[in-house]
């Protein structure tokens with residue numbers, strides 16, 4: 001079963017690559033069918049087998065020998081691993097479904113923001129809609145839970161808006177909206193953790209990126225990928241981290 005879940009994640013990851021490539025260009029994710037971006041040849045099913053096709057053709061198009069970006073197998077593997085870990089944590093459950101959907105959307109956001117420095121509004125809206133379906137509607141008669149979701153939305157959104165103003169645009173509008181909808185999804189306590197982890201990861205990884213000259217000092221480093229990584233960590237270890245923090249500092 002674990003292998004099937006991993007393979008399913010790989011297949012979905014292949015579709016996520018289509019989204020990453022087409023959404024920023026405002027193209028349909030359904031039509032035309034997958035094709036080589038260089039020779040435009042429409043690929044056959046055997047050309048689209050996750051990971052295998054990339055390895056079999058040595059990272060090149062079968063028809064024109066054009067080089068294929070390593071993004072394709074990386075996204076497939078990333079999504080496959082996420083689905084597998086989510087299945088190990090939640091089993092077959094509504095939690096697995098909701099976090100599989102969220103993690104796939106976050107993978108798309110990671111890819112688009114890293115390559116295009118934008119987070120499309122449509123993706124943030126979709127996360128909000130899923131948050132309402134999975135968290136608000138089931139808890140409609142639990143005002144305390146709903147209040148926590150709403151507080152998370154406004155606190156995260158306002159905090160990142162203030163940061164954007166103070167830093168004169170270091171945070172983009174997409175980052176602000178993403179944090180707001182994640183605040184609604186996770187609630188106040190978890191979104192504070194996501195905020196802390198995103199800045200921690202941003203600081204550490206930015207130093208590494210600059211040290212290894214992956215980017216130069218004058219290059220823009222998008223913040224969305226750090227938010228995505230912080231959110232994934234929170235999904236798997238959020239309760240452990242917050243409980244450790246509360247017990248360590250005797251917060252009640």
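Cβ from N, Cα, C; glycine included.
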Listed range which TrEMBL flags as transmembrane segment, given the options 51-80, 81-110: 81-110
Chain residues outside the transmembrane segment (191-214) and at least six past its termini with a C-beta under 8 angstroms from it: 152, 155-156, 159-160, 179, 182-183, 221, 223, 226-227, 229-231, 233-234, 238, 241-242
Within-chain partners of the transmembrane segment (226-246) [C-beta distance under 8 Å, separation at least 6 from its ends]: 82, 85-86, 89, 99, 102-103, 106-107, 109-110, 175, 178-179, 182, 186, 189-190, 193-202, 205, 252
